[in-house]
Amino acid sequence: MKKLFLFFTLIFTAFAANSGLFDKKQTFLKVDDAFAFSATLSTDKSQLQAHWDIADGYYLYQDKISAELVGKSNPLSLHTQQAAELHQDPYFGEVKVFTHSIDGIFRGAFNNADDKVEITYQGCTEGFCYPPETKVLRIGDLVVSQKQIVEKTVEKNTALLSEQDRLADGLFHSKWAIFGFFVLGLGLAFTPCVLPMLPLLSAIVIGQQQRPNMMRAFSLAFLYVQGMALTYTLLGLAVAAIGLPFQIALQHPYVMIGLSILFVALALSMFGLFTIQLPNSLQNKLNTWSQKQTSGAFGGAFAMGMIAGLVASPCTSAPLSGALLYVAQSGDLFTGAVTLYLLALGMGVPLMLITLFGNKILPKSGEWMNTVKQTFGFVMLALPVFLLSRILPEVWEPRLWAGLATVFFIWFALQMSKNGFGYAIKIISFALAMVTVQPLQNWIWQTQTTTQSAVENMPVSQVKFKQIKNTEELDRTLAENPHSIAMLDLYADWCVACKEFEKLTFSDPQVQQQFQNILLLQVSMTKNSPENKALMERFNVMGLPTILFFDQQNNEIKGSRVTGFMDADAFSNWIEKLL
């Protein structure tokens with residue numbers, strides 16, 4: 001009996017002690033209290049400014065926030081001032097969430113008072129998730145805010161400043177900085193962008209049947225440089241006036257083909273196949289005037305300088321891109337003209353010095369002049385190969401170079417004498433011709449060498465980019481970015497450095513490993529369409545290749561832009577600083 005009494009006493013005591021456990025019920029805030037929402041309209045009616053006050057312990061999903069105008073299919077992109085946090089969610093896995101207040105911007109045209117905007121968002125707390133919440137806002141009912149939210153710009157990291165941005169940003173601190181472009185041009189003269197101009201200048205000065213004197217050589221070189229400077233000056237004026245990137249236009253396939261035909265014609269004329277001259281009737285009228293001049297080739301030197309400027313400018317380098325960006329941002333015609341003129345003048349000074357000092361050590365004129373003239377004909381033929389390789393399929397580049405090199409070595413061997421040192425050079429030239437002809441043999445006989453099969457049958461890179469067509473699609477894609485950063489690659493089929501990025505940099509295993517944590521986007525700029533131009537104007541893109549990086553708020557990371565080719569190691573280190 002005592003045991004039975006003790007048993008019931010313990011049972012009732014346990015129920016009494018734990019009665020509060022069954023009576024207690026966990027309560028959650030209402031959705032409007034957990035995520036207090038408000039919205040205003042900017043004074044220019046281009047921004048709908050949204051604000052969420054998030055209660056402690058609650059969070060909003062970044063990818064669940066959306067907005068659209070009622071009756072229109074295009075969603076509005078969101079740009080937030082706060083960074084999202086990574087959160088391990090029991091329902092969705094690893095997601096990006098906001099745990100504090102949010103200030104966001106929806107861009108659009110909110111001019112019609114009767115238009116309505118639907119804003120949808122969803123949040124959770126520990127142990128409980130709210131269904132998606134939708135707010136329908138009438139534009140005419142929104143309060144107009146005098147304070148316009150400015151999109152957040154990530155602070156500049158000097159370790160990440162590209163050469164282009166350093167140049168463009170630093171130039172605004174000094175009115176005299178434009179004269180630094182003269183020094184910049186001196187260095188740029190020794191880059192691959194300008195090297196093709198040296199043979200052209202030499203062909204004009206020493207490729208004559210008569211040996212030019214010092215004054216004539218200087219005059220021809222000076223006019224050549226002034227022609228080149230005029231091209232760059234006009235380029236600076238155009239960029240300053242309308243801000244459009246003319247490098248893209250100059251790299252259009254039609255322009256490349258036209259320049260190639262021009263240089264082939266010039267090369268053939270140097271081989272003696274024909275003579276390029278004015279019609280006889282016009283030439284006779286100009287004979288009297290030309291006889292008064294030191295030579296009739298001065299106009300040709302000036303014109304060739306202009307052409308050389310066009311050939312060099314499509315080769316986008318970081319200094320030239322920075323100069324154009326500086327000019328575009330200044331919007332001043334005088335600054336644009338002087339900046340590019342000084343750049344071209346600096347590039348031309350080494351050419352003039354080389355011409356003058358080279359001319360002094362030349363031997364007396366003779367048959368060797370025809371050999372030199374024909375040699376420069378081959379140099380001119382190299383320019384069409386270089387230009388056409390940008391627009392032809394990749395397999396054609398080695399074939400064109402092989403054909404040109406083979407013909408050159410055979411021709412060079414035939415120029416050598418059969419005695420002594422000349423005979424040795426002849427044998428070496430024929431041997432080199434046998435080596436350079438191999439790509440042509442592979443093509444003709446369809447033998448699959450390792451190099452050819454690698455180019456034609458194997459993918460260059462396993463990297464998969466999401467293709468973007470316009471700015472609207474870019475904004476939508478960035479808003480849904482599941483990674484910490486996004487990369488936008490501006491690519492074109494005619495861009496040599498773009499192909500080098502794909503073949504040499506993006507294919508690197510270390511770079512591909514880093515790409516797993518980056519949203520990879522790509523825009524084809526091949527056709528230079530209106531959508532392409534809109535993207536270039538929005539991001540001040542001056543040429544290709546250009547690679548942009550964006551943060552979690554869909555803003556370009558200041559100083560992270562890459563212009564010009566970068567090898568795998570350098571590019572990997574660049575990305576490492578961003579991740």
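Positions of Cβ are set from backbone N, Cα and C atoms, glycine also.
The signal peptide feature in Swiss-Prot is assigned to 1-16; the stated evidence is sequence analysis.
Note on the topological domain 'Periplasmic' (17-177): mean pLDDT across this stretch is 73. Taken from Swiss-Prot, the feature topological domain 'Periplasmic' covers 17-177 (among others), and the record attributes it to sequence analysis.
The disulfide bond annotation in Swiss-Prot covers C124-C129 (among others).
Here Swiss-Prot flags 178-198 (among others) as transmembrane segment.
Feature annotation from Swiss-Prot assigns disulfide bond to C193-C315 (among others); the stated evidence is similarity to another entry.
Per Swiss-Prot, the feature transmembrane segment maps to 230-250 (among others).
The feature transmembrane segment is assigned by Swiss-Prot to 254-274 (among others), with sequence analysis given as support.
Look at Swiss-Prot and you will find 296-316 (among others) tagged as transmembrane segment, backed by sequence analysis.
The topological domain 'Periplasmic' annotation in Swiss-Prot covers 317-336 (among others) and is backed by sequence analysis.
Feature annotation from Swiss-Prot assigns transmembrane segment to 337-357 (among others); the stated evidence is sequence analysis.
The transmembrane segment feature in Swiss-Prot is assigned to 368-388 (among others); the stated evidence is sequence analysis.
Feature annotation from Swiss-Prot assigns topological domain 'Periplasmic' to 389-396 (among others).
Annotated transmembrane segment per Swiss-Prot: 397-417 (among others), in sequence order, evidence recorded as sequence analysis.
Under 8 Å from some Cβ of the transmembrane segment (420-440) lie the Cβ atoms of residues 398-399, 401-403, 405-406, 409-410, 412-414, 449, 451-452, all in the same chain and six or more residues away from its ends. Among the features that Swiss-Prot reports, transmembrane segment is placed at 420-440 (among others).
The feature topological domain 'Periplasmic' is assigned by Swiss-Prot to 441-579 (among others).
For 449-579, the entry in Swiss-Prot reads domain 'Thioredoxin'.
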Practice prompt. Please give the sequence-distant neighbours of the transmembrane segment (397-417): residues at least 6 beyond its ends with Cβ less than 8 Å from one of its Cβ atoms.
Written response: 371, 374, 378, 381-382, 385, 388-389, 423, 425-427, 429-430, 432-433, 436-440, 443, 451
Discussion item. Return the residues near C498 (disulfide bond) by Cβ distance under 8 Å, restricted to its own chain and a separation of at least 6 in sequence.
Written reply: D489, Y491, A492, L544, P545
Response to the item:
By a 10 Å Cβ neighbour count, the lowest-scoring of the disulfide-bonded residues C124, C129, C495 is C129
Worksheet item: Under DSSP, is C124 (disulfide bond) helix, strand or coil?
Response: strand
Practice prompt. State the Cα to Cα distance, in Å, between C124 (disulfide bond) and C495 (disulfide bond), rounded to an integer.
Written response: 48
